Structures are given as C-alpha cells and as structure tokens.
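Novice: If you scroll down you'll find the structure; I have some questions about it.
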C-alpha cells in the first residue's frame, strides 16, 4: 500500500494492537478506492468507532492517504474542502496539509522549494496573472499561527515592501490566502554570497566591492527606520551565473524576518531590550545580550560578513551555541591577516573596526563603512587606523584570555619577587635563592607563550590543556618549595590554577587541575614530613578539601554554561 504522509508516528500514542487496527482500516480504504462509489472518510470513521486520540490519528492517516490517491489522479487538493467536511478537526487537517507540498497558492504555481527558515518557506513560483517567475515566501505556521507570529511576518513583508533600493530584493505582493500569510518577491537565481565565499577569500578587493553595495543598501534600510539584525552571507543573494566574475554580479539584501523598527514613534524603540534573536556567529554583542540595538548593530553584522568572505569562516564559532555566545561577548576575533595573508592591512582594519565590542568604537553608520571601503578601493588612507598600544593590548587580552591571565599572574609574581628581595635587609638576602626563583618564573612565562602558540596551531588544542595545567602546577610547586615549602604563603597559587582552568569551559579540566594541585601540595607536605617529621601540622586535609570545594564551584559554573547551551539548542525559534 502507499505510505500515508503522517506527521506523528502512530506507535507514539497507540498500543501495537490499535496501531494495527488503524493500518488495516487504511489498507481497506485504499483497496476500495477504485470501486464505485468511492469510499468516504466520514463513513469509514463512523464504522471504525474510533474516539479521542485514536480517531484523530485515524483521520489524519485517512486524509493523508486520500490526498495521495487524489493527487495521483490529477485532482485538485483543497484544504478548504476538508475544513468544511470536518469542521471539528482544523488542527488535524492543518497538520496534514503542512506535511505535503501545495501545488499553488493565491494564483502562484509552486515550482519547487528554494529554502526555509524559522518563520517561512520560500518557493520558486510562477505568477499566473503576469506569467513571471517570482520567489514566494509562505508562513510555515499557516492558519495556526499566533498573533505574534503573524505580526512578525507582516512586519517583515511591510519593511521589505517599503524599501526601494537597487540592492534590496523587491516585494511584489503581500497577502493572506485561506489563512496562509505570504508575499511574493523578485526571484534572484544566482545563489547566495555564502556559495561565493571560498572564491572571494582569494579576491579581497572584490569582496570589498560587493560589501560597499550591501552596506549602502543596509544604510537605506536604516534611514527608513529598520535594523535588519540577521546579516550573514546566506541572506545576501547574487544575480548572474556562478561562472560570472564576482565583481560584475549585483548583491541583494533579503530575509527581513528579524527586522526591527527603530527611531522616533516606533513601538519597538531602540531602548527596549528583548530576547536573543539572529545568527550567533554574525551577531553583535549587544544583540547577543538581548540589549538595545541600533544601526551600529548592523554595522557589526556587515563586518562579520566581510570577515567571513576574507577568512572563509565567521568571526566566532564554537562547539555549542552557548560557547559561541561567550566568545561573541568576551573574545576578540583572530585578525583576518593571520588566517589569510592575502588580506590587505587597511581592509583588515576596516573589518576589525566594524567588529568592535563597543558600538561607539564602530563606524557610526553603514554609509560610513561604505565610504571607508571606497577609500580602500581608491588606495586612499582609511579612517580605521591602527590601534594604539593600550587598544592593541586590550584586544589581544580578549583574544587570548588564558595566556593573558597567566602572563598577568606570573608577571605580577615575578615583579613582587623582585620588590620583596630589594625590600629585605642586605644581611638576610639570599642571592642564589632569588636567582633560582626568578629563572623559574621567567621560564614559566616563556613556556606559557610557547604552549599557547602550539595550541593555536593544533587541530585539537584541548589535547594540550592538561599538559599546560600540569606545567603550571609543577612550576608553582618548585617555586613554593624554594620559598618555604608547604608553609609558604604562595600555596594560594594552587586554587588560582583551578580557577584558571575554568577559562577553557571544560568541567573535566577543572577537576584535573584540582587533582594535580592536590598532588603538588601533598608532595610538599610529604617532603616536610620525611625531612623534619610531624613537628608542625599544616592541615593537609583542609588544604586539599579547599581545592576541591573551589573546583566544585568552578565546575558548577561551567556546567551551567553548557546547560544553557543545550537549552539554546532546543529553544523555540523566535518569531
């Protein structure tokens, strides 16, 4: 028998015996289809005596089967007909019709699906009245859409329809057909910018040419009072063919599904915070925090698109959405030239200025970014100049927090070592001991830099992390041993190492650090006992217990981070 287009497996809600009964009823219905008169679903339901969930499942199976049989005979499929026949079951009928691809909507013949997102499905379609090819976007939730979903879809359609710009996809018609919200728009068949990204990595000047046009289109939307909020390569379409020179193809901004009205008189004013919406890898920090946004939020998005074209990857991407969210808010992206030496320095500066964490440090508008890209293309000096020493250090610290933390901590310890040595009376100074401690601290600094470089070049840097932690513990233990053993105040460095391990956001690594730190302190205590005996008690158990308490606190925070990431993975799609 033909396979009915179900949307919910029967065995999830029915016992095996009842599921077999439903299957038998459908088989008899199919066998009787070619007879005269044809079987009616209403009569089959009444004869089966099904009630409750069983009736709904049987109805769904029978409607899906009948639609399949009617389509095979060339019959027109009409959802309204089934709504009239089964007025008590609109949800069942909607679920069936949503599971099959319609043939036409509001006079548009559907020729195939182009793509789908969280809110709508886009079809390649033919508008019968004008005999032209268009792209038709239909709301996925259909007639069951909530008022908020319908409002968001209307805002997208109205925003795009009101924007007249040569590099924004034109809207032809907005409407609602039998409960389905839709709008038709210009069909751009050259694919998206994401398909061209690998090629543009070797043509940075061409990427700049395209971004000038995109930035001016986005600036036009800003002047009309709209912020896009979801700029990314897949939302920028290109005309022409895939073999055409990229510089001769026109880009078109599309997908205003997350557009936000801003400016005077807007009910979605720029100071109103809301939840996280958009694509994390291309999202500005203030948007990722759910904070107020304005035109500079899209400037960040434009910079993220340019970064992806220049390097072949977005500015930030991690194993989980929540890790990506942390990177967006706290880290600096790798300089494009480090990933692609072909990138000109001035173009890198334009890109990195767009990606500043602080909106006030970005270009004030998309037009200002376009003007600076124009300067780059004319070989004129760009406004995005090189950062000063403080700015470069701040950016580097965000990009390499593990190394920065260690350099600050070890550097501070080294400086204090020198200060304490000079502050001591010459009669109690031990020059040989001071030299040993200083050499150990300097070697510790050098080793941290080397390990960070190795981790950056490694395909799997997490393999080096336990060794890095072990090096920290071993070096600290050596220094503590030189400066008084287990009685030294420097034992406070052990819990600091445990906390530092949390910067890698791996719970297992925090416990590894706690275990190694405990072994380091236990070795100092054992040496003292073997050498001097138990004349002093430095409470080994309390120190080790404290290390594991610190580890429990840090690992709990790391676990919360990953739990939030799993929630983000399965959250409802924002409408």
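Going from the start of the chain as shown, residues are counted 1 onward.
Here the Cβ of each residue, glycine as well, is placed from N, Cα and C on the backbone.
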Novice: Tell me which of 414-432, 433-451 corresponds to the transmembrane segment entry in TrEMBL.
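Specialist: Of the candidate stretches, TrEMBL labels 433-451 as transmembrane segment.
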Novice: Restricting to the same chain and to sequence separations of six or more, state which residues have a Cβ under 8 Å from that of residue 137 (ATP binding site).
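Specialist: The answer is 120, 121, 122, 123, 182, 183, 184, 185.
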Novice: Taking residues 6+ outside the transmembrane segment (433-451), which of them lie with a CB under 8 Å of any CB in it?
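Specialist: The answer is 403, 406-407, 410-411, 413-414, 417-418, 421, 464, 467-468, 471-472, 475, 478-479, 482-483.
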Novice: So which residues does the transmembrane segment (538-558) touch in its own chain, when a touch means Cβ under 8 Å and the partner is 6 or more beyond its ends?
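Specialist: Residues packing against the transmembrane segment (538-558) from afar: 486-487, 491, 494-495, 498-499, 501-502, 505-507, 510-511, 513-514, 517-518, 521-522, 525, 528.
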Novice: Quick one: what's DSSP say for residue 137 (ATP binding site), helix, strand or coil?
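Specialist: Where residue 137 (ATP binding site) sits, the three-state DSSP reduction gives strand.
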Novice: Please give the average pLDDT for the domain 'Protein kinase' (108-377) in this predicted model.
Specialist: 85
